[in-house]
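Everything below concerns the one structure shown next.
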Amino acid sequence: MTRVALAFSGGLDTTVCVPLLEEEYGYDDVIGVTVDVGQPASEFEEAEETAEALGLEHYVVDAKEEFAQLCLDSVRANATYQGYPLGTALARPVIANAILEVAKEQGCTGIAHGCTGKGNDQLRFEAVWRDSDLEVIAPVRELGLTREWENEYAAEKDLPVEGGDGGKWSVDTNLWSRSVEGSELEDPSYVPGEEIYNWTQAPTGETQEIEISFEKGYPVAVDGVEYDPIELIEHLNGVAGAYGVGRTDSMEDRMLGLKVRENYEHPAATTLLNAHEALEGLVLTQEEREFKQLIDQRWSKKGYEGLIDAPLVKALEAFIDETQQRVTGTVTIRFEGGQARAVGRDSEYAAYSAEHASFDTETVGKIDQEDATGVAKYHGFQRRLANSVTDAEDAADEGVELATDGSGTDEDE
Ligand code: ARG
């Protein structure tokens, strides 16, 4: 008996995949696997009910803890791609690995997903699965299925798909973000109404301040109350979402090169990313901050690609981990007008001295203000020299002679 494991959500795509894997790919038996990365309960009910109606053997794997930890790792890397905090992207390898494990346990020789051939998720799933010797199957992509064909097929086969359920949007939800795409949103000029949002309220004039504590770059407490990673993210999604924090509307460049119009909600992610960056601003040196931007950008790119287990990421994380040893402290965040803005920060590792930087003190420790005069004389020397040559050329055209040694004006001029 041949078995295939299917990444199963209970939606239209994965529901039609069940009979297709038997009819078109010749498998005797299909098992469905749904991985919990913090989707709402209603999604599991839908998956459960659909599986039952299909007579599909259904497994649910809880990967919330692992996923939440990865989300917090991404905070240390200030990870975003084109403004999006990577919720869907980071979840995919976690989901793919969990399904692969079930597939192996259950003696499957095939593993399948319901992704189209246009998106990122097919690449992220298969990057994990193609490490195994299971047959990787993508019925929607390989058979060139459209939503219309799937609906007709489902009706013909009397498959348990609730006509039009889930609304007209294609939604992907997990702990870190909720993504909405499709339908009218495919027109970049279409201005969506409040109905596309689920986690965030339209911002009102109200404000609130909260204090987030970090230890070595990881957020650990809100207003002095410690939370484990899952609770922390869920708590902040609630609090920040009430102030309309973390809405993104962007034209996203997918890996295949297609642009797609994406709307996201990610209140906790935005809050934590802003707070973390504010704390780094206090404790890291200028050159660490500048160099870490390159590292963070690369980390984000690998995250977007679903290749978070690449050797490069391990190396990037070694750098990140070293910098995060001092990213301990608290940040005050104010929710206001749909923003989560850092309005205060404190750390025992601050690379900052109020006394030194102050307008109210005369010296910088043992350094006198006057010591900056020499620096000021040199500052911009090369540009002064280079510009003076072209200025002199222009002046010569007008019959005037100018000095070109670049050493600037005399002190008493
Ligand atoms: N474009 C995003 C990504 O590739 C999210 C896609 C989510 N899918 C959806 N059906 N809304 O990471």
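From the backbone N, Cα and C atoms, a Cβ is placed for every residue, glycine too.
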- region 'Disordered' according to TrEMBL, located in which of 164-188, 389-413: 389-413
- Message: Using only what TrEMBL says about ATP binding by Ala7, Phe8, Ser9, Gly10, Gly11, Leu12, Asp13, Thr14, Thr15, identify which of Gly110, Gly114, Gly117 is listed for that site too.
- Response: Gly114
- Query: Per TrEMBL, which one of Glu156, Glu252, Glu277 shares the L-citrulline site with Tyr84, Asn120, Arg124, Ser170, Ser179, Tyr264?
  - Reply: Glu252
- Relative to ligand 1, which of the binding-site residues Ala7, Gly11, Asn120, Arg124, Ser170, Tyr264 have a Cβ found under 6 Å from one of its atoms? Asn120, Ser170
- Max CA-CA distance, Å, over listed L-citrulline-binding residues Tyr84, Asn120, Arg124, Ser170, Ser179, Glu252, Tyr264: 19
- Message: Max CA to CA distance in Å over the ATP-binding set Ala7, Phe8, Ser9, Gly10, Gly11, Leu12, Asp13, Thr14, Thr15, Gly114?
- Response: 13
- Message: Please report, as numbers and ranges, the same-chain residues at least 6 past the borders of the compositional bias 'Acidic residues' (391-400) whose CB is under 8 Å from any CB of it.
- Response: none
- Secondary structure content, the compositional bias 'Acidic residues' (391-400) (per DSSP, counts of residues): 7 helix, 0 strand, 3 coil
- Note on the structure: Across the domain 'Arginosuccinate synthase C-terminal' (169-385) the predicted model averages a pLDDT of 97
